[in-house]
């Protein structure tokens, strides 16, 4: 790795941690007009509880229910919606003493990879404030949360990750982004996009902050039927800590798998270079690098879009202009004998084009004629992908309904390592016309389908490798993916990588 | 022990399997029906019964009653607020399992929930959570006694748990629909029968039997009038010996009478249609034979006819999807065993048991008792609620254990139920304890108070609920009998008008609690006072006009406020008159 780039990067990090101590609300009022990360900022609280998160400001994605601020989901349907209850994560943050500083922009209902599908307008990537000629995407759908952290507007932020919505913007904005194991953080109060995939995630500029926030919110919640019971959490984390404590340091003796399918031709060459650099560093610290294969990876993206869209079409049925959203009267020529026609106009008006597209796709996938070939087929693929992962990990999957035992023949691993995205942050102008925006999720959806913990670690870029005349090189992310429930191990490895970057 | 017998008598799994293997038309022997000779009417019924749980199926909102104000039993989940998630109420599953065991179903060890999608204003989330792909239980059977016919066995295809919808009422004046979310998300049990029913009468008997079973299990109130039970019926007709005809479904029938009328009308309609189609096609053999178009129909309660709601072509695609939040419901052997252990008895078994155990109880009285119990024998969430039968047995076994069950039953069914009905209080809200009621019967049986006083005392205790012993209340009201009667039990015709005593009257006269001979002087004094107060009648009696005796007796009874025994009064009066004569 280029030494001067590393220095420059750590200098950026240091300056950011300085700004973190400043008044975040002032930074928001200064920077938000250009970044557009926040859609609502809370007034400075008169008093806060004392707790493990005392002194931290935390931004919350605007699809997580709050009683004091609206929860718009960046949709016209919920433009004025204020929830009558707080999400469990909000309660936990408040009980831990955090200052919930505001709500952040997102792609409508979490659907998008670039945070451009929003009634609040697109989020602008704050990584390179000097670049005035071009605006780059912060990534999505938790673009506001990632940008808020990257711009130093808060210490940490909550996002949600359905297929990569925390990891992708974290990668584009140069911050840490964790999608925890499915079921570790309560979804009560998180507006559903696709329940079987939705996870509350954490974004932070420092790993210690992320760990503190994670410790406060990863709690069993009886209000969430998919919340993992405490005994399963303990089984998985005990196994992981046994593995970790058997080694001298975090990295020494760590078995890191490099999945060959995660380096498709779409991955840009400079990203490959930087990943190689990190792998070399890890080897030097005593980690064992093992090439592995997850053969079903290529089916993951299509299975993901079928399942996520199907669930979305179901979850978004309530936004019909009668229960939620404004009612738009059907036209005079409408056949009012069909109930559906009464709702069609409201839904065609209240939802943005991307949401409409996914609802239509999902509705089709669930229709009687398509169900077997689309929905059921995608569910089968999802199981095959889970089996792929369960075969290669040293630790068994405690959350799985039918635990798959690791293959005795092939070598097993502790974590996987791969690039978080195929590229760096795209231009906002580019994103509008880019048909390939779905492809950006290709590296993040497998962990979502399998419910595994995945952490995107920011890696500094080399000099002079950015188009558009910018003098900075844009950050990339490297993902550490672990077996279900090994979030603490994944975070510990993230910490080790953070320390490597600082030196 | 009797519980095990019940389960077995519902039909062994072997019998159920036997039925499954056979084609439907082999299961029942054809019997000609005079209304449609030469035709076979085939009926299957889907029953939706509201589960008698305290809380809704997936939320902690309490279930509402029919009289509750609209939108008062609602939590954010019921209104489909964004960010809410379902949480399965295990009590609903338990009541579903009870029903499954009572219907001798096989219980799925792993059942799942699915979403059924459609847009309607009474469905806030845009989908109903139900069990499409893997229901709670399957393949059961119900024995049905049909009036004036052989009993039949109706196979149960499946039992599934699902959410009820909200209630929507259209206000014609304002041209608006009003939505009441009290019912939204309440737990329903859908019980689907196989097409084993052959007539409207069998259908009526099936639903009545199912209703009684559900009530006995405490699974549902099964009240069709109040909407806690609704039926959809599938009707098809075919010439005798021909394969099954195309069925039409008649939706949302809310009384057994309407259901039977709907089946009758539908059978006639389909037969007429097929007859006219066959006639139109001439004498040539038709390929394929004419069929009734598959439709979903409604029932008009005024004209007693069915009407088309939608054809097969308009049938909505419900886009069933496994619910991604609820996961698999695992039912363990232990749980099933525990449910089986606490399975309440079915009404016909309770009746047989009571007849054997209490030979002095009249069967007609027991039927009254069992009728009281329907829907109340078991409380919310399947908890033992006591019910009228339990209450009756507690009274019988109370005291020194020598209470006559026949007398207890008479007092319960005639006096207690009668007075509760007058007060418009259901038995479940009766405030008299079994100990108080038993003591009351003991006081009457032991002649400590008269039967008339007993009835008055019961009325007073219902009006002024307390936990005081009955005797104490009786003494306070000065109801202790003035003299022991040496005759038989006071006849019902001996009921005499009396002034109700007020509790304030008691403080003025401290009455000795000992009821035995010491009361005689007082009775004597009362009789003497009556003779003095009615000199003309006394003279008439002395002259041998015995018919005026009743007037004198009545006077004494009034003065004693019911405490005196009419026979004793009569004797005392005769004694006074006679002694005056001599």
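Here the Cβ of each residue, glycine as well, is placed from N, Cα and C on the backbone.
Pulled from TrEMBL:
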- A:49-491: domain 'Amidase' (DOMAIN)
- A:61: active site, charge relay system (ACT_SITE)
- A:141: active site, charge relay system (ACT_SITE)
- A:165: active site, acyl-ester intermediate (ACT_SITE)
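The two recorded residues, residue A:141 (active site, charge relay system) and residue A:61 (active site, charge relay system), have Cα atoms 9 Å apart. Counting only the Cα atoms, the space from the residue listed as 'active site, acyl-ester intermediate' to residue A:61 (active site, charge relay system) is about 11 angstrom. Model confidence over the domain 'Amidase' (A:49-491) stands at 91, taken as the mean pLDDT rounded to a whole number. According to DSSP, residue A:165 (active site, acyl-ester intermediate) sits in a coil region rather than a helix or strand. Within 10 Å of the C-beta of residue A:141 (active site, charge relay system) we count 36 further C-beta atoms, all protein chains included. Around residue A:61 (active site, charge relay system), the same-chain residues six or more apart in sequence whose CB sits under 8 Å from its CB are A:103, A:104, A:106, A:142, A:144, A:145, A:157, A:158, A:159, A:160, listed in sequence order. There are 37 other CB atoms within 10 A of the CB of residue A:165 (active site, acyl-ester intermediate), with all protein chains counted. Under the DSSP three-state reduction, residue A:141 (active site, charge relay system) is assigned to coil, being neither helix nor strand.
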